[in-house]
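Note sheet for the following structure.
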C-alpha cells in the first residue's frame with residue numbers, strides 16, 4: 001500500500017522489476033526538485049486536469065494506489081512532474097505516453113490498446129454476446145422456461 | 001504444551017473429516033446404509049475439535065508464547081490485548097486455521113439443526129463439506145503448520161504491521177471468512193442435491209439461510225474494509241480496484257445473484273439449473289478470492305505469504321475443488337429439469353436478467369483482476385484500474401439498476417401492463433424515471449466539469465430511491481412480511497450508496513496546504529486553521545497530534561486532531577486522519593510531514609455525502625438481515641406448529 005511501512009518491501013520488488021528506469025528517479029528522492037508533490041496548481045482548471053490524469057497513473061512502488069493516493073516519495077515526484085507539465089500546457093495523454101516510455105505500461109491504470117491487452121477489450125464484447133445468447137435462449141422462443 | 005495439544009487435535013479433526021467423507025460417500029450406496037448414522041455425530045465432533053485447536057492458537061497469542069514461530073513472527077508482548085487476539089488470524093497460517101474452524105463449526109451446525117432436507121441429501125451435503133475441509137486440513141498440516149515451535153525461544157516477537165493494528169481491521173478478515181465459508185456450505189448443499197438428484201424447493205429452502213447469511217457477512221466485510229481503507233490510507237480514496245478488494249467483491253456479486261435465484265427456486269420452483277450453477281460459481285469465487293489473497297501472488301498489505309510452494313498448493317486445491325464441482329455439474333446438469341416456466345414480462349424474468357448482468361460485472365472484474373497476472377507471467381506488466389473497471393462494469397450495472405427498479409413491481413410468472421396494472425405499475429415507475437432525467441439535466445446544466453459516470457450515477461440514484469420504496473405502496477405496513485421489508489431496505493441502500501459514490505467523485509474539494517501555526521485555509525464551505533502541535537503517546541506508538549479548528553460557513557468552531565504516528569515494533573508510521581461528519585458530507589484532515597521551512601504539510605478534503613456510501617452498504621446488509629429474520633421466524637413457527645400437532649396426536653393416543 002502507499003504506506004511507508006510497506007514501502008521498503010514494495011521498493012525492493014519494484015527495483016527488481018524496473019531497475020533501469022526507476023533508479024534515476026529514486027536518486028531525486030527528497031530533493032527540492034519536486035515542488036508540486038504536495039502543492040496544487042493555482043489555476044483550478046489546470047489542477048483539475050492534472051488530478052484527472054494523476055488518479056489514472058499508478059504509483060509503481062505501491063500496491064494498487066494511484067500517484068494521487070500515495071505518500072511514497074516516487075509518487076510525490078511523479079505528481080510534481082505531472083503538475084509541472086500540465087502547467088506548461090502539455091496534453092495529458094502526451095504526459096501519459098511519456099511516463100509509459102519511462103516506466104512501461106505498468107504505470108497507466110488505463111490499459112493501452114496493444115496486442116497484449118486485446119483480451120481486456122474483447123472481454124466485455126464476449127460477455128455481452130454470451131449474456132445475449134443466454135437471455136435469448138430463455139426468452140427467445142415464447143414462454144419456454 | 002498447548003501448541004502440541006493444538007496440533008494433535010487438528011490431526012484428529014482431519015481424521016474425522018476423512019471419516020465423514022468416506023462414511024457419507026459409502027452410505028449413499030445400498031450396502032452402506034448403516035454408515036449414514038455416523039455422519040452427523042462425526043461432523044459435530046469435528047467442529048468441536050477444530051474449535052479446540054483454534055482456541056489453543058488464540059491462547060498462544062494472548063500469552064505471547066515466544067517459543068512458537070507464528071507468535072514470534074506476528075506478535076509482540078507490548079501489543080494491546082485486542083490486537084494480540086486479532087494477530088491470531090492476521091497472518092497466513094492463523095487465517096487458514098480460522099477458515100477451517102469456521103467451516104467445521106458451520107458444518108457441525110448444519111448437522112445439528114437441519115431437519116427439513118431429505119436425509120440422503122443432507123448426508124451427501126456433509127460429505128461434500130468434508131471433502132472441501134480435507135483440502136484445507138492437508139494444506140494446514142503439510143504446508144503451513146500454525147503450531148510449529150522454534151529451536152530456541154527468543155526475547156520478543158516481531159509485532160504486527162501498524163496499518164493492521166486497527167479495531168475495524170481486526171474483525172475484517174473473520175467477517176469475510178464467514179461469508180466465504182457460508183458460500184461453501186451453500187455449495188455443499190448444491191453438491192448434495194446434485195448427487196442425490198434432489199434439486200427442488202426443499203433444497204433451496206435449506207440453502208437459502210446460508211446464502212443470505214454469507215451475503216450479509218460479505219456485505220458488511222466489504223463495507224467495513226472500504227471504510228478502513230478510506231480513513232487509514234490518508235488520501236480519501238475508498239475503493240482502489242485492488243485485487244484483494246476484488247477478491248471480496250467477486251464472491252459478493254455471485255452471492256447476490258445466487259441469493260435472488262435461490263429465492264425464486266424456493267418459492268416458485270423455477271431456475272433449478274441456474275441456482276445450482278450459481279452455487280458452484282459463488283463458491284469458486286470465494287476459492288479464487290482465497291487464492292489471490294493467501295497465495296502471495298499479489299504483494300500488498302493483505303498478502304502476507306510470499307512462499308511459492310503454498311501458492312501452488314492453494315492453486316491445486318482450487319483446481320481440484322472447482323474442477324470436480326464443474327464436472328459433477330456437467331454430468332448431472334442434464335438430469336436437472338428447468339422447473340416452472342414464466343413469461344418475458346414477469347418478476348422471474350427480471351431476476352434472470354439481473355442475474356445475467358451481475359454475472360457480467362463478475363466476469364469483467366475477474367478478467368480485469370486476473371489478466372495482469374497472465375501478462376506478468378509472459379513478462380509484460382500492465383495495470384488495470386478504475387479507468388477500465390468503472391466504465392466497463394457500468395455497461396452491465398446501469399441496465400441492472402433499471403431492471404432492479406421495475407422487477408419488484410411485476411407479478412410472478414406473467415404480468416400485463418394495461419388497464420389497472422398500468423396505473424399501478426407503469427405510471428409510478430415512469431414518474432421515477434422522469435425524476436432521474438430531470439436530475440440528470442439539472443446536474444449537467446449547473447455543475448460544469450462533472451464527468452458522465454458520476455452524473456449518470458446521481459440521476460440514477462435519485463430515480464431509484466423513490467422507485468425502491470414503491471413495493472410498499474398500498475400495503476399494510478404492519479403486516480408487510482420481513483422479506484419484503486428486507487428487499488426494499490436493501491434496494492434502497494444500493495441507491496443510497498450509489499448516490500454517495502457519485503457525489504464523492506463529482507463534488508469533492510481537495511486542498512493540499514503547507515501551514516504554519518495559526519494559518520487559515522478554505523476547503524470548499526469550510527475554513528480550517530492550524531492551531532498547534534502536540535506530542536502524544538499511545539500504547540505502542542508515539543505520535544504528533546495537530547489541533548485543527550474547522551468552521552462550516554463561518555459557524556461554530558470544531559476542533560479536530562489528525563495524528564502522525566510512529567511505531568517501533570515493527571518500525572513504521574501511520575497517518576491517523578481526523579474526520580468531521582455532517583449530514584451533508586465529511587471533512588477529512590491529514591497531518592503530513594514538516595517541510596524545511598518549518599511549515600506543516602496538511603491535506604484536507606471536503607467530500608459531500610461520502611458517508612452515504614457506507615450507510616448504504618450497511619442498509620444493504622440490514623435488508624439481508626431482515627429477510628433472514630423473516631425466513632428463520634417462519635421456519636421456527638413451522639417447527640413449533642409441527643411439534644404441537646405431534647403432541648396433540650400423542651395425547652389423543654393416535
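These residue numbers are counts, starting from 1, taken along the chain as shown.
Every residue, even glycine, has its Cβ placed from backbone N, Cα and C.
Worth saying up front: this structure is predicted, and the values here are computed from it rather than measured.
The transmembrane segment annotation in TrEMBL falls on one of the ranges B:122-143, B:144-165, namely B:122-143.
Between the transmembrane segment (B:6-26) and the stretches B:38-62, B:177-197, B:209-229, B:313-331, B:394-413, the greatest number of Cβ pairs separated by less than 8 Å involves B:38-62. Note: the stretches the transmembrane segment (B:313-331) and the transmembrane segment (B:273-293) are in contact (3+ CB pairs below 8 A, sequence gap of 6 or more).
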